[in-house]
Amino acid sequence: MLPLLTAEQIRRADTHTIQHEPISSINLMERASKAFVAWFINHFPERSASISIYCGTGNNGGDGLAVARLLGHHRYLNIKIVIARFGKNSTADFDINFERLIATGIPYTEIQANDDLPEEKSDILIDALLGSGLNKPLAGDYLRLVTYLNDLQKTVVAVDVPTGLYTEGDQPKDSVVLKADLAITFQQPKLSFLLPGSGGHVDHWQCVNIGLDERFIRSLDSPYQYIEEKDIRQMLKPRTRFSNKGTFGHALIIAGQPETMGAALLSASACAHAGAGLTTACIPESGLTALNTYQPEVMAIVRGVKVADINWEKFSSVAIGPGLGKEQDAKDLLDDLIANFKKPVVVDADALNLLADDPELLKKLPANSILTPHMKEFDRLFGEHQSWWARVRTAIVKATELKICIVLKNSYTVIVTPEGKAYFNSTSNAAMASGGMGDVLTGILSALLVQKYSPVEACIIGCFIHGKAGDELALPNRMSVVLPGKLIQQLPLTMGKLMG
Ligand SMILES: NC(=O)C1=CN([C@@H]2O[C@H](COP(=O)(O)OP(=O)(O)OC[C@H]3O[C@@H](n4cnc5c(N)ncnc54)[C@H](O)[C@@H]3O)[C@@H](O)[C@H]2O)[C@H](O)CC1
Ligand SMILES: [K+]
């Protein structure tokens, strides 16, 4: 796991590294700038490209000056530097890099407060105005400059953080950010990059390691963690030679109405493909033919029989919700499940909406159960939120209070645990944004629970492999859409590769 730190914690890690590696702060800045340049060169190899580097006078600006000098060494000859000297102060490392830049002879322009802005003709802009030191929304000269640059619609590459973007917390309403096509960010993705609010401000980000002290970073015990493939490889248990279907448990998926049988089919099929020993789907009678045709490996309980007749004990885990509807019989099933099943359950879709209407029932969920809301379901459950950051904060409070896992679905799905940790998933892509994907995730989570992964492990592994299967299909093949049924077929391959 990659711990995700706040800007203040990053500053502490910075200071600690400087003192204990030890390394001087100017050399750390040089290391960061070299890491930036190495990635930049990969993306923009054209040495004749016209590049303007906009520098503030803090350490982000210091990086910008070092980047300019290093690009010069790499024979980028069409570089222009604009230094925004809007305040009186500059940092010591900025000053050192300014001297070093002068020594290279690369030309630069300085603009002071209220100056006219120089005409900008370069194709690529490197944004080193402000970084993680941002402490208020852009105003005055910064706002004027950034608005001007945004209007030009050039390719913008941000150093560490796009100017004006808050690294964590709520981005003030109507605040302006220098929109970046790419942010090359130091050491770790910034928390705000992982939330949809940053979508309009940064298209892509790439993290480069600058060698901050990892032991110190881990000692900060951040509640926010970024899931990496190596974590999943460690968690997934290979199937042993003498395993049998009994080893891998029996999952029950309660889902579907006549009009929404697809949700039940996708969930049940995903459950079987993600390795449940046995899968049973509780569905309406009219869906039996579809189920037997689409996925003959899955057994059925016909919905509408007396709820009391379901032998809950037979199942190692139960998932409820996809396409379930909100009719009385759906509510009866949910009530009966919560009253009689004492192991963690997976609650999705319509079952989440039923819980939203019945807060007392929500409190009775078996400990360590998993809720898988998307944004709207989350707000129905826990109240309207103005931002994703606010949602993550609420999820931490609610998961701890109710002793459950909350899987808040999104591009970087956030898994919040009963201990109050928030794990950001690192896989998935826009081709997966289609109806039915959530049903697949529910099936995968059930499959992992019945295979005796703990609920937190099931969430972490489940979200990762769900996104990874989508990535394996979409990215190398340039697929613009990956349908849920296709993703299900990929799951055994994805899991097998991660176990190998
Ligand atoms: N550990 C690392 O990740 C390293 C990061 N480096 C770079 O350092 C910057 C952060 O530098 P810092 O000097 O702390 O802040 P900034 O340059 O972002 O800002 C300078 C200064 O500006 C003032 N300020 C804040 N908000 C505003 C505003 N809205 N308008 C005007 N002025 C503002 C405030 O006083 C800031 O201090 C980081 O992003 C990296 O690029 C190191 O180079 C290597 C280690
Ligand atoms: K920047």
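Every residue gets a Cβ built from N, Cα and C, even glycine.
Note that TrEMBL annotation is computational and uncurated.
Cross-referencing GLY383, GLY436, GLY438, GLY443 against the AMP binding annotation in TrEMBL, which names LYS409, ASN410, SER411, TYR412, THR413, picks out GLY438. Residues ASN60, THR163 are recorded by TrEMBL as K(+) binders, and the candidate that the same record lists for that site, out of ASP95, ASP123, ASP127, ASP203, is ASP127.
All protein chains considered, the CB of TYR412 (AMP binding site) has 22 other CB atoms within 10 Å. Looking only at the binding-site residues ASN59, SER411, the densest Cβ neighbourhood within 10 Å occurs at ASN59. With respect to ligand 2, the binding-site residues ASN59, ASN60, ASP127, THR163, GLY323, TYR412 contribute ASN60, ASP127, THR163 as residues with a C-beta closer than 6 angstroms to one of its atoms, given in sequence order. The maximal spread of the AMP binding site, taken as the longest Cα to Cα distance among LYS409, ASN410, SER411, TYR412, THR413, GLY438, is 14 Å. The Cβ centroid of ASN60, ASP127, THR163 marks the K(+) site; residues of that chain outside this set whose Cβ lies within 8 Å of it are TYR54, GLY56, GLY61, GLY64, ALA128, LEU129, LEU130, GLY131, ALA158, VAL159, ASP160, VAL161, PRO162, LEU178, given in sequence order. If you draw a 10 Å sphere around the CB of TYR142 ((6S)-NADPHX binding site), it holds 23 other CB atoms from the protein chains shown. When averaged over the domain 'YjeF N-terminal' (10-218), pLDDT in the model lands at 97. Of the listed binding-site residues, namely ASP127, THR163, GLY438, the sparsest CB environment within 10 A is found at GLY438.
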